Amino acid sequence: MTNRLKFYCAWFCPFAQRAWIALLEKGLDFEYIEYNPYKEKTKEFLQLNPRGLVPVIEVNGKSVYESDICIEFVDEYGGKKNRLLPTDTLDRAKMRIVSGYISREITPLYYRMLLKQDKNIQESVKSELLSNLKTLMDFKSDSSTFFGGDKLSMPDIMLAPFAMRFPVLQHHRGFQIPDTEEYKAVHKWINACQNQPSVMKSTCDTDKSIMIYASYADGTAAVRSKL
C-alpha cells in the first residue's frame, strides 16, 4: 500500500462524503481532488467512471466508484485497522442488510421530498421518512452508539451525510424530527455522528447546502428523477 490513493470528490455531494468519511476513518493517505461532475465530464474522468459521477477512488490507474462499493473497498484496502464492516461473515451480511435498507428506504425519500412540488406529496414523504428512520433504529442495539458498536461502521457512513443535511429539508420543506421519546434514538445517533472528526471534517457548511439544493426545492434543477 505504498501508492497514494486519488480521491475525486465534490464538496456538496453526500454520496461522495460517504467515501470521504471511510477514508478518514481508516486513516488512509489520499490525495483529495475536487471535481464537479455537473460542470465538466472530461474524457479522462469518464475513463475512471463511465457514469461521470463522484465519488471515484483511483489507485495505480484503476478505479472504484459507487459510494457503497467505495466504502467496502476502503475497508478492505486499509486492512484490519478500524474495520468498517465486521470480520464475521454473518455480522458483515447484517451490516450490508442495514446499508441496503438505507439505500432503499431513506436516501430516495430525501430527494423525493425536495423534488416533489405537490405539498400533499411532501407531507406524505415526511411521514414515511420519519417512520423509516424510527424503523432503522431497530437495527441498532440500544447499548451501542453506532450500528457497529462504539465506532462508525458502514451503515453509519451510508446515512450520516444525509442526516447532516436534514437542515436542508427543514429549510426548504419544514421537515423536523420530533423531539419526543419516540425519536430519542434517532436524535442520539445524529448527535453522536455530528461529533465524529471524520464527519465534521467532511461535512459542508449548512448554508451552502441549503443554497445548493434550492433549485431542487423550487423545481428549476435539471434533474431527471423517477422518485
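Heads up, the Cβ atoms here are built off N, Cα and C, so glycines get one too.
Per TrEMBL, the features are as follows:
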- 3-82: domain 'GST N-terminal' (DOMAIN)
- 88-227: domain 'GST C-terminal' (DOMAIN)
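Residue counts of the domain 'GST C-terminal' (88-227) by helix, strand and coil are 97 helix, 2 strand, 41 coil (DSSP-based). The domain 'GST N-terminal' (3-82) scores a mean pLDDT of 96 in the predicted structure.
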